[in-house]
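Enquirer: So that we are looking at the same thing, I have put the structure below in structure tokens.
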Amino acid sequence: MEPEPVEDCVQSTLAALYPPFEATAPTLLGQVFQVVERTYQEDALRYTLDFLVPAKHLLAKVQQEACAQYSGFLFFHEGWPLCLHEQVVVQLAALPWQLLRPGDFYLQVVPSAAQAPRLALKCLAPGGGRVQELPVPSEACAYLFTPEWLQGINKDRPTGRLSTCLLSAPSGIQRLPWAELVCPRFVHKEGLMVGHQPSTLPPELPSGPPGLPSSPLPEEVLGTRSPGDGHNAPAEGPEGEYVELLEVTLPVRGSPVDAEASGLSRTRTVPARKSTGGKGRHRRHRAWMNQKGLGSRDQDGTRPPGEGSSTGASSDSPSGAEADPDATALQASEPPAEALGEAPESCLLSGEAVGGVGQGAEGPPGTPRRTGKGNRRKKRAAGRGAGSRGGEGTSLSPRDKEETRQQEVLVSLPSPSEQEPAECSLVKEKEDSGKQESESKEELKPADEKEPARPEDYEPPEEEIRESEKEELTPQCTAGSTGPEWFPSEPSTQPLETVQNVKGDSLPEETPPVSVLDDPVVAWDLMASGFFVLTGGVDQTGRALLTITPPPPCLPEESSPSQETLSTALRYLHSLLRPDLQLLGLTILLDLRKAPPLPPALLPALSQLQDSGEPPLIQRLVILIHEDPPAELCGFQGAELLSEKDLKRVAKPEELQWDLGGHRDLSPNHWAEIHQEVARLCTLCQGVLTSVRQAIEELEGTAEPKEEEAVGMPEPLQKVLADPRLTALQRNGGAILMRLRSAHSSKLEGPGPAELYQEVDEAIHQLVRLSNLRVQQQEERQRLRQVQQVLQWLSGPGEEQLASFSMPGNSLSVLQETELRFRAFSTEVQERLVQAREALALEEDLTSQKVLDIFEQRLEQAESGLHRALRLQRFFQQAHEWVDEGSARLAGAGSGREALLAALALRRAPEPSAGTFQEMRALALDLGSPAALREWGRCRARCQELERRIQQQLGEEASPRSHRRRRADSASSAGAQHGAHSPSPSLSSLLLPSSPGPRAAPSHCSLTPCGEDYEEEGLELAPETDGRPPRAVLIRGLEVTSTEVVDRTCSPREHVLLGRAGGPDGPWGIGTPRMERKRSISAQQRLVSELIACEQEYVTTLNEPVPLPGPELTPELRCTWAAALSVRERLRSFHGTHFLQELQGCAAHPLRIGACFLRHGDQFNLYAQFVKHRHKLESGLAALTPSVKGSMESSPCLPRALQQPLEQLARYGQLLEELLREAGPELSSERQALRAAVQLLQEQEARGRDLLAVEAVRGCEIDLKEQGQLLHRDPFTVICGRKKCLRHVFLFEDLLLFSKLKGSEGGSETFVYKQAFKTADMGLTENIGDSGLCFELWFRRRRAREAYTLQATSPETKLKWTSSIAQLLWRQAAHNKELRVQQMVSMGIGNKPFLDIKALGERTLSALLTGRAARTRASVAVSSFEHAGPSLPGLSPGACSLPARVEEEAWDLDVKQISLASETLDSSGDVSPGPRNSPSLQPPSPGSSTPALTSGGILGLSRQSHSRALSDPTTPL
């Protein structure tokens, strides 16, 4: 047998997991190719073995667990839950992250190199800038496709609840709410029924208000066999879902098999949901566990109550408990009803008073059955649950789903009483048309065939019945009869039906809501007695076979049936047949073997039916006799007299009952019970149908209301829901039709009851849809009214108030009052805008949306204008205050020295600067206020006037600068005479008495402190008081020390700093020219301002939306486009959230910019990723056809999206280089940070190309993404033994990879994998030969010894590689040492080495290292965890030299002794004793030749290069 090709294996696996494969193939194969190409390097076999086969087992387990709770159903989508026809639910590859919105997620099988593929949930991270992957644990497969699982995920999320699942399809990505996805659909196929099991099935657990208990379920529902599963499985009823009337399949006429399967065709079912009072996560999967059995058959063969209506519990096994052996185990695992808080009132009472649908005319267990009586059945409807109805199996639009969500509950309104389960689903029995007729008949044998016979005429006294009923009145929940329904919306609550609580031995006196009367025409007692039996078989000609067995002699008080009664019964039996069988007529078999007396009216009735009708009802009359026929038959015409042995000429044994020698075991009593209920069901259906049609006509004829109306349930629908007949029909209809299938004549009967029932179902569904449409129209009108009200308010009062803020006022007090009013107005507007936008969320009214946006923009403009006017008025107020205060000081100072000091104080006061005036003038021009411009001119004139007065007072024109300098020099000499610690006297004693009080300086003004020239003046004018003069000068509220100069660059006065700018105490150092410093600071601030402005523009550009690639691009280019946009989105988040704020924080300290860049070095590595993706896009776009390429270039966003990040990177580098030139030589740390930042930015382009080269490696089975960061990539000439070749070498943190340049694919280079080594096994010899370009890498842990000599293209490349490898090996050695110490401590050994007591000469090996050889290699050959001793730090190159004659074999030394020798070597190679415990390893400097230690930290010794044997094993490159 030939092995299956890989392609066929992949397709067969996908076809098994995702049926139908012809619909899912386009989506799945595209995902397969994507994963094969990206993850498995186009290796289909490895993909199949490592990914697809494990994924198949994982997905099969998920599917099995999800479908286990619906055992017995026929799924509408056969691939659920993995796919819904062409829509794939569980993805095999990642979806484009741009399609994810808040609340969206999707499931994916994620490949992994280290382990088997796993299932993961992918969604947007809380920040929104990246995709978050949440692994799904294997134990979650049992409840993955449940609402509870997603609720558990949402509990762990801080923000943003997940609710919508993404499905991939050939047409694109689809969105489906999780609540709908976890609810599978079930549909009919080939006219067969679907549902749970062919029995009375468990009701749903209502999801009522909190605190209401859940009712236990009857155990009889467990005894059914699911089709195809091979074992009995419990059926699960939906929990709190929308329930409708079960619909019935119409059989194909003329087909006995199809007629036999007449029943439900559309069972709309929503799976179970967790009830409000649930006790656990899996409560929805255990809706059937807490159940009470109804008992088994009595020993005398009587059927227990409920068994007459349950086919599942009795068709395959003697009792419901035996039919499902797991039922008792499941029941034992559930707590009792009392422990769960379930009150006895929530359960119904089994017995005569309140029997469930599963009960017929029988009494409680242990009570003999009373036949021929129908009065006790009238009370049975009181104990049946209520159901709900609505919806349709066909899918609705999303709009309909949303609007129908409120109406789902309409048909299942809860009543204010206790809960009662009220739903019974139906199961579809799939029958194979190719089976033998006998096999199909055997499958449909009713429960009565295996029931032992019991005398039907036995009837106990009435007292005995009551006594047994009193004993058996126990709380019992009964199954309802309505079926679940598929409806693609949210689940609704389950109806609660009022139940009777029977206390003591009294029965409820209340009548049921519907009085179900017996049919006054059909004699059901006659049917139940076995007088007329429609056997369900046919004769040799295909006519339906009906047997007549006259009863024994009647009691005197009982009268014989009349001719009309007999004729009516026969006509009723004939009417039950299918239309084709009605045309053929009946074959009557009159059994007179026991020679009973014939009822007088029997023969006239038969004769009448033989002659009447066209065609006649009775086509053939066969009389079975034992001896001579009775005298009454002598004159009867058209009868055939046969003996028992001649019956085979009439019908086959399979068509006859067992007392006639056939194989059929019939139960006339059971048949009569079922058909009596069917007759009452038809009466109910007709009444409900009339009521529903009237409601439909009323809804269709209702005109739209002119005034405002409340959104709610329409009144016609409320009337229908309040009709008790609908409740009774929902409660019993489905179960009755289900029981009808268990009758022995069901395959011959027509679809009349099912058609009528389905007609009611469709009418109710039409009513619900009309009601939903009405509610939708009401909500649309309500939303339209809300929008209109908001628009009217905006155009009326809102517009008036907004216009009032256009001219806010010309005074500060008025503006402040206006600001308060504007805040209240803005809050009101925002509330109305939010209300209108919520109403427009489901509409596409662009005009109204535009009106709202325009008004909001005008509101923002008004707010901006108001704030600018406030700022302008505050400036005017401060300027006037400064002028008034200065004028008052000058006026109050008088003349002389006091006036001079006041002028000096005002000269240093924080006057408004010229720049501030220009800024305020620009504000006034923007506001367009002439009054503001006039006020600005007035303020400027007053300030200039005050400045002129100050200049006049000081007399600067007559006072030369040299005079002030001479006074400054004299002040310096006078200060020296006072002593070094003598403080300068203060001017506060002169300024404070004449000053009205200190004032705080505005932040935008500057303060120029007093210089030394005026300090001397202060010395002369202010003698010391009490020997302790004040140490500071208090000027306008600011304290400045007398020995400190505070410089503000915005101060217009410069002469103050001239006296001390060049001294050693100056703030800028010794001998730096002041103007040069100012120029440098100004340039630095200019560069930082330009950098911040550039960053703001860049953030704005990144926030612009970027369109998705068009369909003309290849799938690979679209994926690369998506990856580039993903990196761009992460850059947007980083720059907008973090980096811009940090740059703004560096505005006052320009030279800190370099540290800011270095602090976010990891984030700037994203630019390398962007460079990689951009180069791939450029090469891919260059390979496109000219037409496609031209269409791409026409897109305006493509060039900016591709070029903007790299242009910004170059702009960063230029600004940092200029800032580095402006930094003084004395700022060494800042210059180093700036230089490192420039280098970081320049490396990104090269790192991006390196990453692109890593992806271009072909044939490598190692996942290079898991080998750490790529450190270097360069071409080398590699020498291995006698072989010399050119290789491109990649150095990762954990791997060294050799590759060969192959060529270009689509404009990019590709490399072929040759060899790879773990860096943990690597040793380094830094110098080989005399060229200065070679170094050696060797590996001890692999074979005997492998060594590779690498010749670089330049000394710089060689130094770069050796330095990086040395640092890498040092880090590994230090890390391994720490791990080894931890292991020793955990073993109780400790971290101090054990020292043998030996002679010093034996322990000292360093003396051997003092030889002077020309050159040798110092490298490392010890692997991880081999030795525990600490390493020797600080070794110099000379200390590691060995004599040339020493061979490597001579150094087979005890490594532990080497590590225990606690000695250090000085730089000259001499031995010096060291500490007992050496310090930790320190990496060498990049330029040094210190040997690099690999894992273990033990110094290994190697011989010279020329002494290596040529026979050493090597690995070909």
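Just so it is clear, glycine is given a Cβ too, placed from its N, Cα and C backbone atoms.
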Enquirer: Which of the listed positions, S215, S226, S959, does Swiss-Prot note as phosphoserine?
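Expert: When Swiss-Prot is consulted, phosphoserine appears for S959.
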Enquirer: Across the domain 'DH' (1083-1251), what does the mean pLDDT come to, as a whole number?
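Expert: It averages 81.
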Enquirer: In Å, rounded, how far does the Cα of S929 (phosphoserine) sit from the Cα of S1080 (phosphoserine)?
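Expert: Counting only the Cα atoms, the answer is 40 Å.
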Enquirer: Using a Cβ cut-off under 8 Å and a sequence separation of 6 or more, which residues in the same chain sit near S1080 (phosphoserine)?
Expert: E1222, G1224
Enquirer: Starting from the Cβ of S929 (phosphoserine), draw a 10 Å sphere and report how many other Cβ atoms land inside it.
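Expert: Other Cβ atoms found within 10 Å: 20.
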